[in-house]
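To keep things clear, I will list the structure first and then write my remarks on it.
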Amino acid sequence: MASNAMTGGLVAGSHTRNELHVLHGDDEQRPPTRQSVSKTCRVCGDEIGYKEDGELFVACNVCGFPVCRPCYDYERSEGNQSCPQCNTRYKRQKGCPRVAGDDDENFDADDFDDEFQTKNHHDDSDRQHVTIHSENGDYNHPQWKPTGSFAGSVAGKDFEGERETYSNAEWKERIEKWKVRQEKRGLVNKDDGNNDQGDDQDDFLLAEARQPLWRKVPIASSKISPYRIVIVLRLIILAFFLRFRVLTPAYDAYPLWIISVICETWFAFSWILDQFPKWFPITRETYLDRLSMRFEREGEPNRLSPVDVFVSTVDPLKEPPIITANTVLSILSVDYPVDKVSCYVSDDGASMLLFDTLSETAEFARRWVPFCRKYSIEPRAPEYYFSEKMDYLKDKVLPSFVKERRAMKREYEEFKVRINALVAKAQKKPEEGWVMQDGTPWPGNNTRDHPGMIQVYLGSEGALDVEGKELPRLVYVSREKRPGYQHHKKAGAMNALVRVSAVLTNAPFMLNLDCDHYINNSKAVREAMCFLMDPQLGKKLCYVQFPQRFDGIDRHDRYANRNIVFFDINMKGLDGIQGPVYVGTGCVFNRPALYGYDPPVSEKRPKMTCDCLPSWCCCCCGGSRKSKPKKKGGRGLLGRLYTKKKKMMGKNYVRKGSGNMFDLEDIEEGLEGYDELEKSSLMSQKNFEKRFGQSPVFIASTLMEAGGLPEGTSPTSLIKEAIHVISCGYEEKTEWGKEIGWIYGSVTEDILTGFKMHCRGWKSVYCMPKRPAFKGSAPINLSDRLHQVLRWALGSVEIFLSRHCPLWYAYGGKLKWLERMAYINTIVYPFTSIPLLAYCTLPAVCLLTGKFIIPTLTNLASIYFMALFLSIIATGVLELRWSGVSIEDLWRNEQFWVIGGVSAHLFAVFQGLLKVLAGVDTNFTVTSKTADDAEFGELYLFKWTTLLIPPTTLIILNMVGVVAGVSDAINNGYGSWGPLFGKLFFAFWVIVHLYPFLKGLMGRQNRTPTIVALWSVLLASIFSLIWVRIDPFLPKQKGPILKQCGVDC
């Protein structure tokens, strides 16, 4: 990525008003970027090389899949000995050692001798200096090409860093094991033991670098096979159970029976949607040392791909600036090359408080970043590092660490005081508005009517750290807002960041974080690069999703804030299909996927056909000499444009070109005077403008898969273009929010955005490093948690009622059926609240009326019930076994499924219907009370909200029903206890699931809020009156009253 010198002051402007104001701006010249293309291995990304006769090395003679000689040797000796594309077994080529399964072929005696000539390091004349191009790099890098074998010297500082992780004995043992494997493969002679140990280490490191960057770890068959068997058995038992329920109606309680059967059928359907996407769970492992060996070789430019990091915030008074500052500091100090990291902070509230906070953060980063890098600090967010209860001296060997840590902690406390002063100052806005330090009025004084603003704090030409080293770029962005324009909240802000970053840095990958999610693992970006920079898998990935982990949650996780079941079970299951869903944060995107491009199509092996037979014979035999024509509507706009470009450029067409597709600055309205080729070019320009907007620089950046900036650009022109792309009217009459970027139309834009990418055929990957990559904060009190769930459920309802509903969208596309089933479950689950509410009410109604949903509990019915409950328990136990989730987390998830289902999900359904169908937007207000507790004080903070009414009513109703049922059994004698047990079990099932809700109402030390007490007394009185009206204690007789006459008949 080219070094970018940007302005040193705030730039504010409006493209629609033709205004641009630069405060203390300075222009610097930007070096041009270069890219090249060469024949590379599709496995490791290195040069394929040539054979001894000068011809290009071809591993597979069937499909010609490009593989280099070292990868070919490795696949034959350690892999499955077949081509990765066509699965044809590799044939032994001249100079290759024999492996098991090779046919007896006639080779020359020289060929037999070549099997043992593997050491050619000391003959410099045999080496050829070649240039290669990584699929993810931007430059030509010199590399030695060995002629005799694949062993070569690549030892560097990163490889020495790997060696430091082992003791001397462990390192020697590892190399010895590698040498033994090489001897068994015939690549090393035992007589070579007199060679230097450094050569052995170089050979070992080079062999390690050529191995895959990640591997798929399937669940052991001893764990997953019983799990699948139980799922099938449960499905069969469920079918028999529903058949029994339908064929045995309760005529004395027919309405209750009808309601119960409908609810149970819906629950069965919901379980199928949730269960079967977990059929193929997998886990993945990454190899960070191999990533460094491959892309960070000593003496060569660093070839790791640049990354743009997005942080979004709206109101710094609700989202504390110190939390945002910690997130930014963790990004700036991430373990990644500083010139390849850029942090963009979106301020959608145009707050001067956040602007000043970032200024202070940039200054503090000059000391914090080198401290983290010097002592390998984890986590690199100072607030959480200094507050962590741990032995901070563990693994620290430098004597200066203690002194510097104390000094850094003192500086951070002073930094916090300065931020607190800014927050205190921002509580009261002056009548004349905010004024900057130089006396200039703050452009964002009117948060709903202000120009776009950009400020670059750090960067290649900005402030250096205290050691004189470069820092990552930090950019403040506030998009333009004007009355009368639709801004689309967070999704619109993210799309503005996509465009700004494309103009200023244009990194091929983008990391999306919420302002309260800091980087907990400094190597998190490298974890993602192990997948995204993989030569085979990387180009087909739209994003790498990390699980969400949270701080500040109580040990018991009363309201399932951690979502362990979803992140550790459901997401692993989706990773085995087409990939996990996008959850809104902690996700590294592939930029072309957000631009609406289709993933690259894999080269398929040509079908075996013959031209010796007539066409009718080929048709009868199932063959064909002509492929079927593709549907005209099967490709998107961009696919047609690239096809048009291929035809226009002929053999010189390159998909990964770094230059502009066309001269985008020469667009004119008319096409007079142009030949056919130029007319085709201009028409394609118009199509791109209709899709991406009228920004030549941005359009040029969309065609550069490897990133980088167009040649000949200057900082001034780029800043002006960046102001243009964040103007409020830029997205009008374009595909933004419809097919490009974050998709509009739902408050849960994350689900919708990931769904559109999967429909195009992209895949995603779930990455779970041992140390959590990111950590955030979650609402832990009951009311805030319910409102969070309400927002998610409302977004699902909006998607269900839109054209993007997975029930009917994109059939015939590239979305796999199990993946579609998972997406259907994500938008259907709020509607489960209606049958769930009815089902939780049935126990109380049965206890109060003396009726039951099952007529008689026969032996067959008992078997069905027992089998169903045992299958449910077995499924849960086996699921815990392969996932590693604790039984407490599973139980908390079940409890909150009921709590959220009868409250937040129910309100979301009606709110979504009113919003989409009637255009009525309803909001539920929350009023809070103060909490006195210090630790987890927010857990016991009570906030009354309308969402608490349905669960409260259900608890009281079932409690009254239990009392009424037991009283009736006592009154009627021993015979009435048998039928009562089924009803009591039903009622206790509801009460136990709602117990955390009841605990939340009571608060700490059983302090019940007054409003809850009044509500409970009111409901208890109502149900008492209903109970008296029912009058179950008096026997009800029909017909004449019969008395004994005293005569023995």
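Any Cβ shown, glycine's included, is placed from N, Cα and C.
Owing to the predicted nature of the structure, the values given are computational and were not obtained by experimental measurement.
What TrEMBL records for this protein:
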type     : residues       : note
REGION   : 106-127        : region 'Disordered'
TRANSMEM : 225-242        : transmembrane segment
TRANSMEM : 254-273        : transmembrane segment
ACT_SITE : Asp348         : active site
BINDING  : Lys490, Asp514 : Mn(2+) binding site
ACT_SITE : Asp750         : active site
TRANSMEM : 827-848        : transmembrane segment
TRANSMEM : 860-878        : transmembrane segment
TRANSMEM : 898-918        : transmembrane segment
TRANSMEM : 939-960        : transmembrane segment
TRANSMEM : 980-998        : transmembrane segment
TRANSMEM : 1010-1030      : transmembrane segment
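Here the features listed in TrEMBL are placed on the structure.
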| residue | record | contacts (Cβ under 8 Å, 6+ apart) |
| --- | --- | --- |
| Asp348 | active site | Ser312, Thr313, Val314, Ser478, Arg479, Lys489, Lys490, Ala493 |
| Asp514 | Mn(2+) binding site | Val311, Ser312, Gly584, Thr585, Gly776 |
| Asp750 | active site | Val581, Tyr582, Val583, Gly584, Trp742 |
Contact ranking winner - 254-273, 860-878, 898-918, 980-998 against the transmembrane segment (225-242), Cβ under 8 Å: 860-878
Non-local residues, at least 6 beyond the ends, that sit with Cβ under 8 Å of the transmembrane segment (898-918): 559, 786-787, 789-790, 793-794, 796-798, 800-802, 829-834, 836-837, 840, 924, 946-948, 950-951, 954, 990, 993-994, 996-997
Distant-in-sequence neighbours of the transmembrane segment (827-848), which means Cβ under 8 A and at least six residues beyond its ends: 253, 256, 259-260, 262-264, 266-267, 270, 273, 751, 793-794, 796-797, 799-800, 805-807, 898, 901-902, 905-906, 908-909, 912, 950, 954, 957-958, 960-962, 964-965, 983-984, 986-987, 989-990, 1026-1027, 1030, 1032
All-chain count of other Cβ atoms within 10 Å of Lys490 (Mn(2+) binding site): 19
